[in-house]
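Colleague: I am attaching a structure below and will ask some questions about it afterwards.
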Amino acid sequence: MSHLITLATCNLNQWALDFEGNRDRILQSIKIAKERGARLRVGPELEITGYGCLDHFLENDVCLHSWEMYAQIIKNKETHGLILDIGMPVLHKNVRYNCRLLSLDGEILFIRPKIWLANDGNYREMRFFTPWMKPGVVEDFILPPEIQKVTGQRLVPFGDAVINSLDTCIGTETCEELFTPQSPHIAMSLDGVEIMTNSSGSHHELRKLNKRLDLILNATKRCGGVYLYANQRGCDGDRLYYDGCALIAINGTIVAQGSQFSLDDVEVVTATVDLEEVRSYRAAVMSRGLQASLAEIKFKRIDIPVELALMTSRFDPTVCPTKVREPFYHSPEEEIALGPACWMWDYLRRCNGTGFFLPLSGGIDSCATAMIVHSMCRLVTDAAQNGNEQVIKDVRKITRSGDDWIPDSPQDLASKIFHSCFMGTENSSKETRNRAKDLSNAIGSYHVDLKMDSLVSSVVSLFEVATGKKPIYKIFGGSQIENLALQNIQARLRMVLSYLFAQLLPWVRGIPNSGGLLVLGSANVDECLRGYLTKYDCSSADINPIGGISKTDLKRFIAYASKQYNMPILNDFLNATPTAELEPMTKDYVQSDEIDMGMTYEELGVFGYLRKVEKCGPYSMFLKLLHQWSPKLTPRQISEKVKRFFFFYAINRHKQTVLTPSYHAEQYSPEDNRFDLRPFLINPRFPWASRKIDEVVEQCEAHKGSTLDIMSID
C-alpha cells in the first residue's frame, strides 16, 4: 500500500538585511509549493534576514524585524494549508539562537534552535549565536506581544523536538549539523522520524558539491528516510556565492535536484515520495531495528491533528512517486564560468552600478575575468529572452534602457555595461595589445587603447627633480630596487587610470544618471598567496572574480571557453608566456612570471594546498614534499623551494590584508578578511624550522645511495 506525500524545498536568492525582499521571495516560494500540492515547504537557513548579516546579527533590530516579517508571512491566508519551515534568529532568555520556526495555518508549532554551529573556514556562527546544548530538551518560549496577536498563542515549545502528524514524523537539522560525526538525523531516524529537513547557508567552492551530496545520500542510505535540503543562492552581500542545489533524497537516492547556478531568485523543487518505501527500507535491516530499540534519546513529539498524505480514497494511476534520478555535477570549468558570473550579476544589480571596467592586459588572468563577464552576459541575455521578469527589470535599470529593450546577444549587453582598456607602455608588446583588442571585439566590450608612457615619464622626472637621482632598469645597469620601483610606477598608475576611466567613461558615452563603473581586478589566488603583485596596482579594484581561483584552473577554464563559446582567439592567450610586461624587452630578455617568482604556478598550487588545507608549516611541508617530489627533485632542491615560498609568503603577507574582495572559490585561498587569519609581520627566515629542514637534508645526503626512513625523522 502506497503512502504518497508531496514535499517542497527551495533555493532562494536572499540578500542580507533586505527584509521585505526576503519576505517576498519566501512568499513566492510558498505560493509555488502550494500550487504544486506540497504539504511541507522548507527554506534556507536564516532566510528572513539573509545568511550573511555577520555582526548585524548582534543588533536586536535584526530579531525585531525578523519577527515583523514572520508575522506578515504566517498571517497571510495564502500560506496556510501546508507546514512551513522558516529560518530566522530568535532571542530566548536573552540568548540569541539560529532557529527554525515550524508553523501550520498561522500557528507556530515549535521553534528548533541550531545545535552544532559552523565555526571554521568562512563561518563564524559562534560569534553571533549560541548553540542549543540541551539534547532532547524542550522549554516554553514566550512569543513577542505582536506575534501573540497574530497567532493567538502566548507560549510555544522551544528546543530539540519533532513533529508528529497523523501519518508521519518530521524532524529538522540545520546546515553544519549534516557535516558533523554525530548528526541529529541519526538519533531522529532511530526514534522514528521519517522526513528530515535541512536548511542550509552553504557557499560554493570548486568541487565541493560532491561532498555535500555524498553526505546526504549516505545519511539516507544508512538511516533510511526522506531528506529535504534547502539552500540560499547568490551573493547576499559578501565574498561568498551560495550555490543552491536544493534537493530531495529518499533511501540513498535522489528524486529531485535544483540548479546550482541560476539567475532565478526563487526556485522551488518538489517531489512526491512514498513513505511506505521508507518503512520497508528500515524494517528490512535487523541491526538498524536493534539500535532503534536501544536508542536512549527520545524526542519530544509536537502532535498536530493533520494528515499529510495525498487525500485519495482509492488508487489513482495518475499520481505516482517521483522517479529516481542521477545526481548532476558541473565540471570545474563550468563552475568557474557560472559561479563568479552569477555572483557578479547580483553584485552589479544590488549596488545600482552602471557596469564594469576592466584593465585588459592581453594576459590570461584579465582574459579570464573578461570571459567571466561574457559568461554573465550570456546568462542575463538568455534569462531575459526567456521572460525572467526580475532579470528584465534589472537589466533595463542597469543599462538605463527603455521599457521594451531586451538584449539580443551577449555582445549587445556587453556593449552597454562592459568597458575594457589596454594601458600600454614602451614595455608592452604588439602581441598583447592585439590580443586585448581582438578579445574585446569578440565579447563586445567598449574598448579603449592607450599609451601611458608620458604619464610614467612625468612621475620619473618628478622624482629626478626632487632627488637628483634617476632610476634605470636592471638590464640597463640599474639595481634591483630601481628595477622594482620603475615596475611599480607603471602598475600603480594603471590603478589610478582605472578609477579615472571607470568614473568618467559613462559620462563620455552620454549614459544618463550614471554612478560610475565597478573596477574589476584580475589577480589569481596563486599570485595573491605568493605576493606576486604590486600593492595598490590593478590588483586593487572593487571586486575580483578570479581572486580565489588558481592559475591552473583558469587555464582549463579558458580552454573550455574557447570551445564552448567558439572563440579561437582564446587559444592565443593559452599559448602565450605569462608576463607582467613591466620591464623593457630585448632580443635576449623577455620578462616571465614564473622566472620572476622562482617557482611555477603548479608548485604554488601545491604549496597553497599544503599550507592552508593540510595545515603545514615549513617543516611539515618539506617532509610531505620529500615523499611527493622525490626522486624527481633532491632533498636540497625541495628544501630551497619550500624556504623560498615561505620567505616570499612572509614578506608579502601585508599585501593580503588589503586584497580586493574576491569571489571565494578555492579552499586554500589566502583571503585575509576572515578565511585565512594570520599575522602580517612574520620572520621570513623561519629560523628554527629552517634549521630542522637543513638537518634532514644533511641526513638525506649522508645516506645517499642507501634507504632513509623519512618517517623516522624527528
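Count begins at 1; order follows the chain as displayed.
Note: Cβ is positioned from N, Cα and C throughout, glycine not excepted.
Since the structure is predicted, the reported quantities are computational estimates derived from the model, not experimental observations.
These came from Swiss-Prot, pasted as-is:
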- Glu45: active site, proton acceptor (ACT_SITE)
- Lys114: active site, for glutaminase activity (ACT_SITE)
- Cys175: active site, nucleophile (ACT_SITE)
- Ser361: active site (ACT_SITE)
- Pro359, Leu360, Ser361, Gly362, Gly363, Ile364, Asp365, Ser366: ATP binding site (BINDING)
- 5-275: domain 'CN hydrolase' (DOMAIN)
- 329-714: region 'Ligase' (REGION)
Colleague: Show which residues of the chain containing Asp365 (ATP binding site), separated from it by at least 6 in sequence, have their CB under 8 Å from its CB.
Modeller: Ser522, Ala523, Asn524, Glu527, Ile546, Lys551, Leu554
Colleague: Listed recorded positions are Cys175, Pro359, Ser361; which of them have CA atoms within 10 A of the CA of the residue listed as 'active site, for glutaminase activity'?
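Modeller: Within 10 Å of the residue listed as 'active site, for glutaminase activity': Cys175.
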Colleague: Would you mind pulling the DSSP three-state label for Ile364 (ATP binding site)?
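Modeller: Going by the DSSP assignment, Ile364 (ATP binding site) falls within a helical segment, counted as helix.
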Colleague: Secondary structure at Pro359 (ATP binding site) (DSSP, helix/strand/coil)?
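Modeller: Once the DSSP labels are grouped into three classes, Pro359 (ATP binding site) ends up as strand.
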Colleague: Report the residues of the chain - excluding Pro359, Leu360, Ser361, Gly362, Gly363, Ile364, Asp365, Ser366 - with C-beta within 8 Å of the mean position of the site's C-beta atoms, for the recorded ATP site, in sequence order.
Modeller: Cys367, Thr369, Ala370, Thr432, Ala436, Ser522
Colleague: Using Cα coordinates, what distance in whole Å links Ile364 (ATP binding site) and the residue listed as 'active site, proton acceptor'?
Modeller: 38
Colleague: Need this for a regression test: recorded positions Cys175, Leu360, Ser361, Gly362, Ser366, filtered to those with Cα within 10 Å of Glu45 (active site, proton acceptor). What's left?
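Modeller: So the list is Cys175.
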Colleague: Can you give me the same-chain residues 6 or more apart in sequence from the residue listed as 'active site' with a CB-CB distance under 8 Å?
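Modeller: For the residue listed as 'active site', the qualifying residues are Phe422, Met423, Thr432, Ala436, Ser522, Cys538, Glu581.
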Colleague: Report the mean pLDDT of the predicted model across the region 'Ligase' (329-714), rounded to a whole number.
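Modeller: That region's mean pLDDT is 93.
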